[in-house]
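Engineer: This is the structure I want to talk about, given as structure tokens.
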Amino acid sequence: MERTFVMVKPDGVQRGLVGEVIGRLERKGLKIVAMKMLWIAREMAENHYAEHREKPFFSALVDYITSGPVVAMVVEGKNAIKVVRTLVGATNPAEAAPGTIRGDFGLDVGRNVVHASDSPQSAEREISLFFSDDEIVNWEKADEDWIYEER
């Protein structure tokens, strides 16, 4: 099974959307194997968004993600990265399809409720930035045989 990183951003936490995001992930059949609420330190935020360091919006992005608590998760499932990205929707909520998290709840590209890894490499990097190995729980859902034809 593939793992990916998902984070409910400060706007999602402040608007009470944490449960909605978790519910959508779980109803899709994905499994949460790690989760915590934290207030991201500036250094961690800069590492998380390192690929945007030279872009003009970098400082504002770091300011925003450190402005309030977030909920960080490791989510597991078959094709988890692609499945989660589809559930989340386009980065710009105005372009996100109805029925996606951003399409239903996002109002602004800078306040788009949730972050999700976009590749296996970014998932691995982001998971290791936010979680130690002993914080990730390996467990089997009772309904996995009903969700996946093959595992």
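Glycine residues also receive a Cβ, built from the backbone N, Cα and C atoms like all the rest.
Note that the coordinates shown come from a computational prediction; the quantities given were computed from them, not determined experimentally.
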Engineer: Among Asn47, Asn112, indicate the single residue that Swiss-Prot lists for the ATP site containing Lys9, Phe57, Arg85, Thr91, Arg102.
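Structural biologist: Record source Swiss-Prot; matching candidate: Asn112.
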Engineer: For Thr91 (ATP binding site), write down the residues of its own chain that are at least 6 apart in sequence and whose Cβ falls under 8 Å from its Cβ; none is a fine answer.
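Structural biologist: In sequence order, the residues whose Cβ lies under 8 Å from that of Thr91 (ATP binding site) (at least 6 apart) are Arg102, Val109, Asn112.
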Engineer: Find the longest CA to CA distance in the recorded ATP-binding set Lys9, Phe57, Arg85, Thr91, Arg102, Asn112; express it in Å as a whole number.
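Structural biologist: Taking every pair of listed residues, the largest Cα separation comes to 22 Å.
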Engineer: Per DSSP, Arg102 (ATP binding site) is which: helix, strand or coil?
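Structural biologist: The residue in question, Arg102 (ATP binding site), is helix (DSSP, three-state).
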Engineer: Can you grab the distance from His115 (active site, pros-phosphohistidine intermediate) over to Lys9 (ATP binding site)? Cα atoms, rounded to a whole Å.
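Structural biologist: Counting only the Cα atoms, the answer is 7 Å.
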Engineer: Among the recorded positions Lys9, His115, which residue has the fewest other Cβ atoms within 10 Å of its own Cβ?
Structural biologist: His115
